[in-house]
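One structure is given below, encoded as structure tokens.
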Amino acid sequence: MASAHSSHESTALLPTASSHGQSSNQHGANHVQAHANHEGESGRTGFHPRRFLAVLWRSSCTASMLVNVLWPFVPVAILLHFVPGLHLWKFATAYIAVIPSANLLGFAGQEFARKLPKVAGILIETTLGSIVEIILFVVLIAKHDADASAGSGDEGNLIPIIQAAILGSILTNLLLCLGLCFFFGGLRRSSQKFHAIVSEVGTGLLLVAAFGLLIPSAFYSALKSETVPDIPSLGLQHGPRHGRFTAGKLQDDVLRISHATSIALIIAFALYVWYQASSQHSIFDEVIEMDEHGDADREADIVKPKFTMTETVVALAISLTSVTLLLVLLVEKIEHVVEAGVPDQFLGLILLPLVEKAAEHLTAIDEAWDGVINVALYHCLGPSIQTALLNGPLVVIVGWILGKPIDLNFEILMIGLLVLSILVVGNFLRDGESNWLEGALLVIIYVIIAIMCWYYPNPDVATSNGLEGSDVGNFPISIEVLQQLQKIMTENSVR
């Protein structure tokens, strides 16, 4: 029975050339395995409200169970929506209320994953863990005012916040979540060893994604000083020398590059998922084989009460509805939060990723505490890969479809921080083991970035990668000079 179980867990999710030759030998073992009790089975059927609430309360770990104390904030946030004024209170209550809702979504996804084969379960669990982020991005796009592309968040321009949230989600996973996993895991053990394939594949994909995200920003930064301002009354956009490369032309080129880059990154993510699902030596199998039987709480988890399939579907429906509603309420108050003095970059890079990733971070930290460092490491790197290769590019595609131009022209400073963070994390992962000191250092780096974001000016004041801050957009010019330029252009057109 043990051999059948091991074969079932390490078999690729999708058929491969090597798996066809083994199918006949595994058929009997799989047939026996099908009749064995799966660790995700509850032993019940249907929906039982009392059992449902009991399992929901216990959740996946102690930290997740404590998060359930925040459930009263959910109805409070919804009721406050109908009270006039109190904008900051509405934002704060909705912000807190998202945490238990996302926690239920993560727990329900975990329960659902346990009822599937191991490889398929991890794929489903990772995808469900990113739904909160996808919903947040879609709500932000819908709220964005396409006519306020030059202002800040309090003026309806949410593009800087969306861009910061994309990078912030990656940085939160790489620095804060991974740092806390190393720290708490290191408090219980002097060091934790993990498989090299987890770090190699993870950091390699992140560097590829960072390269793709950097291209539009680098293109814009390299050429913005070569543009001329769009002044239709002077006819400069039709001039013989610089007319073909105005500021507007550069913006259009960056947008087209962002569209093409987004499609390429999404294709890369599809290839990544296909490879992991079809290869018997994928990152998922390595994680399973090394950590499955090393979980300190494995025996307790097996006997712990679980959702039935019906209860799992109900929990997913409740959590998805609650998360979507609360994120809509949250985004509605972003303008008031920015007006109150919270910078766009701090809101997007720090606050929003913290709340959307809270439940997933608790799960990863609990796994590191239990000694399941490979799974914890994947729960840090996996969502980062999905954000960089799928969720971020998906924002650009959705904005393209909705007629709200969103590009990958990030602030140069922020994209630089992302690349440096990936390099730092890759250096820590190189030796194949971690300790609490490395975790503390990663958290300190995250705190330093958070402090910098608090003082980073909004785009209507200054920007590190825009024409507003360049000599092209702000050169002094008098009315007399403008009139002379117009006269020269008129004479040239007559000739």
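Here the Cβ of each residue, glycine as well, is placed from N, Cα and C on the backbone.
Feature list (source: TrEMBL):
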type	residues	note
COMPBIAS	16-28	compositional bias 'Polar residues'
DOMAIN	88-276	domain 'Sodium/calcium exchanger membrane region'
DOMAIN	313-454	domain 'Sodium/calcium exchanger membrane region'
REGION	1-33	region 'Disordered'
TRANSMEM	60-82	transmembrane segment
TRANSMEM	88-107	transmembrane segment
TRANSMEM	119-141	transmembrane segment
TRANSMEM	161-185	transmembrane segment
TRANSMEM	197-220	transmembrane segment
TRANSMEM	257-275	transmembrane segment
TRANSMEM	313-331	transmembrane segment
TRANSMEM	412-429	transmembrane segment
TRANSMEM	436-457	transmembrane segment
Touch test for the transmembrane segment (88-107) and the transmembrane segment (257-275), at least 3 Cβ pairs under 8 Å: no
Tally of DSSP helical, extended and coil residues in the domain 'Sodium/calcium exchanger membrane region' (313-454): 119 helix, 2 strand, 21 coil
Contact set, same chain, for the transmembrane segment (313-331): CB under 8 Å, 6 or more residues outside the stretch: 47, 52, 56, 74, 77-78, 81, 90-91, 94-95, 97-98, 101-102, 104-105, 107-109, 111-112, 128, 131-132, 135-136, 139-140, 143, 307
Tertiary contacts of the transmembrane segment (436-457) (same chain, 6+ residues out, Cβ under 8 Å): 164, 171-172, 174-176, 178-187, 343, 345-346, 349-350, 413, 417, 421, 424-425, 428
Two-stretch contact, the transmembrane segment (412-429) and the transmembrane segment (60-82), at least three Cβ pairs under 8 Å: no
Stretch among 60-82, 161-185, 257-275 sharing the most Cβ pairs under 8 Å with the transmembrane segment (197-220): 257-275
Intrachain residues whose Cβ lies under 8 Å of the transmembrane segment (257-275), provided they are six or more past its termini: 14, 123, 205, 208-209, 212-213, 215-216, 219, 282, 385-386, 388-390, 392-394, 396-397, 400, 406-409
